[in-house]
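Here is the structure we will look at.
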């Protein structure tokens, strides 16, 4: 019977040796459960704990809880739980549980180092780099993206009865005239295709100042005010600028004010302070020494504040010259002879203009037919050079045309 009682237990937990790395100061519970073969004549099964080869028992530092469950077929399950706190480095080691001193499994506790924050630090740095790149792209490409959106999906302000894109108001000082005529106007009109109304150029004759201002503003889609030092020295800028600003907001849509970098010094002009307080109602732009570059942010912000420009593709050919085989009817010489009349009917199928082809007149002899075509150089010599007619652009002349006679030549 002794051989029956010496059968090797089967460990259910742990199924194999384990290595654990709990942190210092944590509580540890090691569970050792085994299935043993038992007979009435066999001794009571038990589980023994050892630490680094030394036996452990219940004490102030270690606590043991042992349970038994009897099953069929003369088998029994025994479980022992070792509970303790890792308070010092000596508490780490190899803990072995054995059943009947026949079979054993072990728990190896090793001290885990400080929590690894490398992955968290790398992830944080990656997120920070991504945010910096997004912020950099926003700063560098924000205006370009807004311009693309305006040119693609922006509101087209056409057929509104306006003749100009912007009304430019500035003082009559020489430096302001130079800024408007040599910097602002060339950049907006020539490079970007806007049409400006300058205060000293297209004024209505013999008009009252107040009525003239109302008429001019009604003809323009935007208002640009060059707030130079000379402009700010005007009496109304210091005394009644608030009333004037309220009036402008009623007359025009979101006026544009151009300020200069030298005006940022203290004390700030009351008009500039008022404009900064109402940024949500006006467009306030700052001119810097580097703004003269065509690709600077100043021009992009100004273009965003101005109406969207629509580019039209030029029409190829003039409807009035398509019937003439792309020949300019203004250069066709009309003759007086019969041959000239025949030449006229051949070169111009519509000699009476837009009224249609003239039919035969009652009583008029029919026009003789000629076997050979008469060229211009045979009957009536012309000194005009018509070799470049095919390369001319007729898109600008779409309203009317006239025929040039030989006498006019």
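Cβ atoms here come from the backbone N, Cα and C positions, even for glycine.
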Per Swiss-Prot, the N-linked glycosylation site among 58, 393 is 58
For the record in Swiss-Prot, which of the ranges 77-97, 98-118, 119-139, 140-160 is the transmembrane segment one?
119-139
Can you check which residues sit near residue 31 (N-linked glycosylation site), meaning Cβ under 8 Å from its Cβ, same chain, 6 or more apart in sequence, and list them in order?
13, 14, 79, 80, 81
For residue 85 (N-linked glycosylation site), what is the tally of other C-beta atoms lying within 10 angstroms of its C-beta?
14
For the topological domain 'Cytoplasmic' (140-409), what's the mean pLDDT in this predicted model?
72
Helix, strand or coil: which one is residue 31 (N-linked glycosylation site) in, per DSSP?
strand
